[in-house]
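If you check TrEMBL, you get these features:
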- His182: active site, proton donor (ACT_SITE)
- His182, Asn183, Ala184, Val185, His186, Asp223, Asp332, Gln383: AMP binding site (BINDING)
- His186, His222, Asp223, Asp332: Zn(2+) 1 binding site (BINDING)
- Asp223: Zn(2+) 2 binding site (BINDING)
- 106-428: domain 'PDEase' (DOMAIN)
- 424-463: region 'Disordered' (REGION)
Amino acid sequence: MRRGAISYDSSDQTALYIRMLGACVIFKQLFSRDVRVRSQVGFEPERRGSHPYLCVDFRTLHSRSENARPVPGRRVHRLFSFQRHLHSSRRLHSATTWPYNPLHILDEDYLGQAKCMLAKVGSWNFDIFLFDRLTNGNSLVTLTFHLLNQYGLIELFQLDMVKLRQFIVMVQEDYHSQNPYHNAVHAADVTQAMYCYLKEPKLAKSLTSCDILLGLLAAATHDLDHPGVNQPFLIKTNHYLAALYRNTSVLENHHWRSAVGLLRETGLFSHLPAEDGLNMERQLGSLILATDISRQNEYLSKFRRHLDQDDLCLGNASHRHFILQMALKCADICNPCRPWELSKQWSEKVTEEFFQQGNIEKRHKLEVSLLCDSQSNTVGDIQIGFMTYVVEPLFSEWARFSDTRLSQTMLGHLGLNKASWSGLRASGSLEEPEPEPDPDPPPPPAPGLAQEPQPQKIPPPEP
């Protein structure tokens, strides 16, 4: 028995056909106000992730329903989230099981080694992988609660503890654990890095409590519901999100709308004046949208101009917000600036995710995206290019802005890690991660036919 299939009628952009167990249900007005909650600021929050039995086939997503092919059950897996309603049972999920018990999330649960690690949460050597194991896979929930409480933000903003618990747990659940890189552990790592930057002297003495709250929430939600594939993939497969956001910051817009959807679903800010709540949502979106790597040059050039002219004034709200954007950008790609033992693990995980996307593209005979072909790329090559063209320019400017011990430490690790990858590449001793086997490999070429040439490796373009 097949699990189901989905098709999207491109001639009728208000219809989504979902076939499950032989029945066909047509959801009309997918993007209308009847389905989504429309805000006064002109955007609609995304609703929550997918039903576990829905499978998205990127090749049939924009086909008419009568042409959609059933997808074998063995290939059903969550490549991307269609939004689902929150099941009422999850509101009462594991009321007696850590970390979901609201009566103990700030006291008794922080025990043993996890509590010892939290005492050093501001250390740049913080091992988020170990912390995730010690918290039984709940690093994002535990860390976010701890930081919000440490800053006194829960009491200051009069946040309802039950609503806050629901929100953070739902955020963690809406990250895809099967993604090697873009998962809740990455979100926790970015949140911890963001905390390190918020403690830097220039920021610590200038940021308001609202700035800090937004910075931490943006870090925790900045990749919410990430599908494990990049924006070019969504565009070339005509994914409905690419059409919805007109091929512009597709993933970042989705992360933002998803976060807003959870804020409204839980009513976390419902006690605030309506205008304040909407302003929080707008600023959260501005921070998350800044993580779009395709806009790296735009933000970096603006940062350089401010530093060259020495006109940054952190007493100015717009300047503080811009520095929060830059801090989040740094936190998002800080892995090459971590100690080698941590940086190497992240490098291997992101490369594994690239190669998984490459396998999908090969399986569907799509052009393989840059850096996603396991036959023509290595972890070392990818990381050296990323460090040279993306990370070094950003962190060099950040060090100009915040010339502290942390900034010098990050640049020191960056140089050592780049040298390590270069040395491993030169010695030929690179241990590359095994790419995920393709469950549906293309058939071999017929005897006597020439094989298609392999795509050539292209170095990353200079920003």
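A Cβ is built for glycine as well, from the same backbone N, Cα and C atoms used for every other residue.
Source: prediction; values computed, not measured.
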For the binding-site residues listed here (Asn183, Gln383), which one has the lowest count of neighbouring CB atoms within 10 Å of its own CB?
-> Asn183
Quick tally, other C-beta within 10 angstroms, Asp223, Asp332; top of the binding-site residues is Asp223
Find the shortest Cα-Cα separation between the residue listed as 'active site, proton donor' and the binding-site residues His222, Asp223, Asp332, Gln383, and name the residue that gives it.
-> Asp223
Using Cβ-Cβ distances, find the residues under 8 Å from Val185 (AMP binding site) that belong to the same chain and are at least 6 apart in sequence, listing them in sequence order.
-> Ile128, Phe129, Asp132, Ser139, Leu140
His222 (Zn(2+) 1 binding site) and His186 (AMP binding site), Cα-Cα, nearest whole angstrom = 10
Would you find the one among the recorded positions His182, His222 whose Cβ has the most company, meaning other Cβ atoms within 10 Å?
-> His222
Please list residues from the chain of Ala184 (AMP binding site) whose Cβ is under 8 angstroms from its Cβ, counting only those at least six apart in sequence.
-> Gly137, Ser139, Leu140, Gln172, Tyr175, Ser177
Neighbouring C-beta atoms (10 Å sphere around the C-beta of His186 (AMP binding site)) | 23
Average model confidence [pLDDT] within the domain 'PDEase' (106-428) | 96
What is the interatomic distance between the Cα atoms of His222 (Zn(2+) 1 binding site) and Asp332 (AMP binding site), given in whole Å?
-> 9
How far apart, in Å, are the two Cα atoms that lie farthest from each other among His182, Asn183, Ala184, Val185, His186, Asp223, Asp332, Gln383, the residues recorded as binding AMP?
-> 22
Residues close to Zn(2+) 1 site centre defined by His186, His222, Asp223, Asp332, Cβ within 8 Å | His182, Ala187, Val190, Ala219, His226, Thr291
